[in-house]
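Here the structure is laid out as C-alpha cells; the discussion comes afterwards.
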Amino acid sequence: MTGELSGYDAVAEARSVRNVLDIHWSRICSRLQAEVGEVEYRTWLKQISIGPVDGDEITLNLPTRFLRDWVRTQYGDRLSALWNAELPSIRRVELQVGRPDPVAEPEGAAGDEVGSADAAPAAGAVDERVAEARSELSRHDLAAPLDPRFTFDTFVVGKPNEFAYACARRVAERPSSPGFNPLFLYGGVGLGKTHLMHAIGSELTRGGKVSVAYMSAEKFMYRFIAAIRSQSTMEFKEQLRSVDVLMIDDLQFLIGKDNTQEEFFHTFNALVDAGRQIVVSADKSPSDLSGLEDRLRTRLGCGMVADIHATTFELRISILESKAAASGVPVPAKVLEFLAHKITSNVRELEGALNRLIAHANLFGRPVTLEATQDVLHDILKAHDRRVTIEEIQRKVAEHWNIRLTDMSSARRARAVARPRQVAMYLAKQLTSRSLPEIGRKFGNRDHTTVMHAVARVTELMERDSAFAEDVELLRRMLES
Ligand code: ADP
Ligand code: MG
C-alpha cells in the first residue's frame, strides 16, 4: 500500500494484505464475541470495519462518531491487546469515523482510495448501514437469557427474604394481578434480587405461552440508544410493548439518564395499561430513589414493593447448607458456621467462598476442614476482618457517653467514666485481634487483668440490663459498619 504502486497492482497488493488482515480480524471477532456476548457484540463491535495498517498502527472504522467514542472507551484497550496478540507488529489501534476500506468490498474497489481514511460516508452508505443495523436489532432477541440456575427451587427462604420470595412466587403464578403490578424488589447488592427475577421468568416461560423479557436497566439504555442510532425506535417500542412480562433489573442505573427514563416510563404505562406484568429491581425503595422522575417513582410504588433485608446468620447457614449439599462435597458444620460468621456482606461473596472451597477439595481430593478453609480463603477472610482500631472504639464510646477521650486512659475511677472505659475495653476485645496486654496499654497502661475484669463485668451487665446491652450492641454495630 504505497504511493509507488498504482492502478491494478496497488489494488492487488492491497487485497492480499487485506486477506491476511481479514483472517486475523475474524479471529479477533470470534474472541470478542465470546468475551462480550452476542448482543453486545452485535450492537457495538460488529459495526467495526478494518482500515489500513500504518507502521505499528491499524485503523478501525466505525460508521458514526457516537459508535466510535463508545467503542473507544469501552473496548479500545481490549482491541489493542487482541490485535497485538494476533500480530505482534501492531501495537496500537486507531478508531475513527469512516466507511469500510473499499478494497474489502467485493465490488467497486477503487485504486485511488486504497488506504485513504475518508471520514465522510456517502449518503447511500448511511442508508445501507441504517438498514443493516435495523435488521440486526430485530434479529436477535430483545431480552437477555435467563440463568437456569436461578430458580425458586434453588432460592433459600428465610426471614430477611420471605416476603420478597412470596411476592415473586405470586407474580409467577398469577401475573398481572391487581396489587402486584408492578412488583418492585429492592435490597442491597448480592441479596437475591436478580435470582428472584430470573426465577419468575423461568417459571412463566416454562409453559411456553407467556413471553418474558428480562434485561438490566443498563442494557435497556443501550438498546434504546442503539434503536435511536439505527432509526428504529418504533420497532424497539413495539417489541417491548409486545411482551407479557417485562423485567428491568437494577433500575437505579437510570438515575440521571433522563431520556431513557422517559422512554421507560412510557413503555411502563403502555404495558400496565394493556394488563401486562412489570417487575423491577433496584438497590433502594422507590421513594429513596431520588434522581428518578417523580411520576415514575410514583408509578413504581403503586403495585407491590418488597424489600430483601440483609442476611441473618441463620439464613446464611441455610444457604451454605443448601449449596454444599448441591455440590456433593461434604463440608463440616463448623466450617459452614465459620463462613457464615465471617462473611456477612452478601450472598454472592458467601457463595464465592464456598465455591472456592469446594473446587479446592475436588481438585486436591482432600476433605474440607477448618484449617484448610482458613488457608484457602486467606485473602477473602482478610478482607472481611474487621479493621476497627482501638482509637476508633475509644472515640465512639466517649462520644456516646459524652465523656472526654482522655478519660479513656486517665486514672479517674468515677463510675460515669469507668463504665464507658470498660465498655471500650470490652469492644476492643470483641472487635480487634489485640491481646489483653496490648489493649491494657492503650488504656493508660493498665494491666491485662483490668481488661479481663472489664470484659467479664460488661458481659455480666449486658445479661442483666437490657437497655445497657442495647447500647453496647448499637455501638458495636456502628463500629462494624
Ligand atoms: P442481587 O441481584 O440482589 O445483587 P443476586 O440475585 O445476583 O443478587 O444474588 C447473588 C448470588 O447469591 C446469586 O448467585 C444467587 O443465586 C445467590 N443468592 C442470593 N440469595 C440467595 C438465596 N436466598 N438462596 C440461594 N442463593 C441466593
Ligand atoms: Mg442483581
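Glycine is no exception: its Cβ is also placed from the backbone N, Cα and C atoms.
TrEMBL labels come from automatic prediction, so no person has curated them.
All chains included, 17 other C-beta atoms sit within 10 angstroms of the C-beta of GLY190 (ATP binding site). Under the DSSP three-state reduction, GLY190 (ATP binding site) is assigned to coil, being neither helix nor strand. Marked as ATP binding site by TrEMBL: GLY190, GLY192, LYS193, THR194.
According to TrEMBL, the feature domain 'AAA+ ATPase' maps to 179-382.
Note on the domain 'Chromosomal replication initiator DnaA C-terminal' (389-458): mean pLDDT across this stretch is 94. According to TrEMBL, the feature domain 'Chromosomal replication initiator DnaA C-terminal' maps to 389-458.
The region 'Domain I, interacts with DnaA modulators' annotation in TrEMBL covers 1-113.
Taken from TrEMBL, the feature region 'Disordered' covers 98-118.
Look at TrEMBL and you will find 145-361 tagged as region 'Domain III, AAA+ region'.
Look at TrEMBL and you will find 362-481 tagged as region 'Domain IV, binds dsDNA'.
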Looking at the binding-site residues GLY192, LYS193, THR194, the one with the fewest other Cβ atoms inside 10 Å is THR194
Less than 6 Å between Cβ and the nearest atom of ligand 2 is the rule; apply it to the binding-site residues GLY190, GLY192, LYS193, THR194.
LYS193, THR194
